[in-house]
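What TrEMBL annotates here:
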- 1-17: compositional bias 'Basic residues' (COMPBIAS)
- 1-89: region 'Disordered' (REGION)
- 18-47: compositional bias 'Basic and acidic residues' (COMPBIAS)
- 60-89: compositional bias 'Basic residues' (COMPBIAS)
Amino acid sequence: MGITVKRPRRTGKKKRWKDTASKDMRELEITKDDAQDRELWRRRTETADPVNAGADFKEKKNKKKKKKEKKKKKKKKKKKKKKKKTVLV
């Protein structure tokens, strides 16, 4: 006898577009009424300058690279320690 049971989601609630939009509006301090005023809306929702927009990406990439290098150095140190531990009989 095969019984199937629905289990709750492991990752929490599903992320909805409406929730994301509301969060973004709160961060930018914009209300639904502000959407009616085009000038205000455009000023507040203006996208970043493309020259500076990539800066965050480059910064994250450099951090990852440094972290990887640090990990490699740690591995090398461990290998050296293992090699030094030779047992003499």
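Using the three backbone atoms N, Cα and C, a Cβ is placed for every residue, glycine included.
From a predicted model like this one, the values you see are computed outputs, not experimental measurements.
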Number of helical, extended and coil residues in the compositional bias 'Basic residues' (1-17), per DSSP: 1 helix, 0 strand, 16 coil
Residue distribution over DSSP helix, strand and coil in the compositional bias 'Basic and acidic residues' (18-47): 22 helix, 0 strand, 8 coil
